[in-house]
Amino acid sequence: MKIVLISGLSGSGKSVALRQMEDSGYFCVDNLPLEMLPALVSYHIERADETELAVSVDVRSGIDIGQAREQIASLRRLGHRVEVLFVEAEESVLVRRFSETRRGHPLSNQDMTLLESLKKEREWLFPLKEIAYCIDTSKMNAQQLRHAVRQWLKVERTGLLVILESFGFKYGVPNNADFMFDMRSLPNPYYDPELRPYTGMDKPVWDYLDGQPLVQEMVDDIERFVTHWLPRLEDESRSYVTVAIGCTGGQHRSVYIVEKLARRLKGRYELLIRHRQAQNLSDR
């Protein structure tokens, strides 16, 4: 049976993610105490029900992270396919969302401010985030989050999933990257007026960057580094690794490098490509 555990920071979009799972055909349960998860799985097995399960777990249920990781390991030992989806957002974004909705944080009380509650929750859930596929919703609306969840569900995973993500430094760095590489020292197509309107997916930019020896040297170096270290992470039973590639605006160099790496790694690893700034190319 396939089981998806959805967790993350309050205000980051867990409910939206769970609704998308339901729309995708999953049997969904919100805020299930973890000690009840084996009983839920057994119930569906006894009914010969092949429905895929999506369960939201968070601080409201007094989640014990050590217990959560043990539950995941136990279910996997029984042959179930267990995935963890973790949604998060920047602190300032979460504060704004709580202010707009006028809802209280689950950990808020007279002795703890909203910021303190968010910090405690982030620290509490970090061990779960370490084994999860992470979606940062800071710059997403509900529709974009739903799209990101749908794209994640499309990837058939039997081993390590490598997420290749392009981004622009001027918009901030991804907070869920395992490896991050800076492309700002490479020749920039942006300064060519004819290339500026294009992205790193378009042939004119490809032809330009393909002809730059420094760019090809960078691709070779990143490929060598990544292929050296990914097997070690796989040995640690990691399910996901995010490789973030950044340039100034996230439109040309970083997109090109991600696509180039994807072509080289295809067939060796399961890949998910994300272009954070080039929205029309995202989550293919």
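Every residue gets a Cβ built from N, Cα and C, even glycine.
Among the features that Swiss-Prot reports, ATP binding site is placed at Gly8, Leu9, Ser10, Gly11, Ser12, Gly13, Lys14, Ser15, with the record citing sequence analysis. Spatially close to Gly8 (ATP binding site) yet at least six residues away along the chain are Lys14, Ala17, Asp58, Leu85, Phe86, Val87, Glu88, Leu125, Lys129, judged by Cβ distances under 8 angstroms.
What Swiss-Prot records for Asp58, Val59, Arg60, Ser61 is GTP binding site.
Here the C-alpha separation of Leu9 (ATP binding site) and Val59 (GTP binding site) works out to 9 Å. Cβ atoms within 8 Å of the centroid of the Cβ atoms of Gly8, Leu9, Ser10, Gly11, Ser12, Gly13, Lys14, Ser15 (the ATP site) belong to the same-chain residues Asp58, Val87, Glu88, Ala89, Thr137, site residues excluded. For Ser15 (ATP binding site), the same-chain residues 6+ apart in sequence whose C-beta sits under 8 angstroms from its C-beta are Asp30, Ser56.
For the binding-site residues Gly11, Ser12, Gly13, a Cα to Cα distance of within 10 angstroms from Val59 (GTP binding site) holds for none.
Other Cβ atoms within 10 Å of the Cβ of Val59 (GTP binding site), summed over all protein chains shown, number 18.
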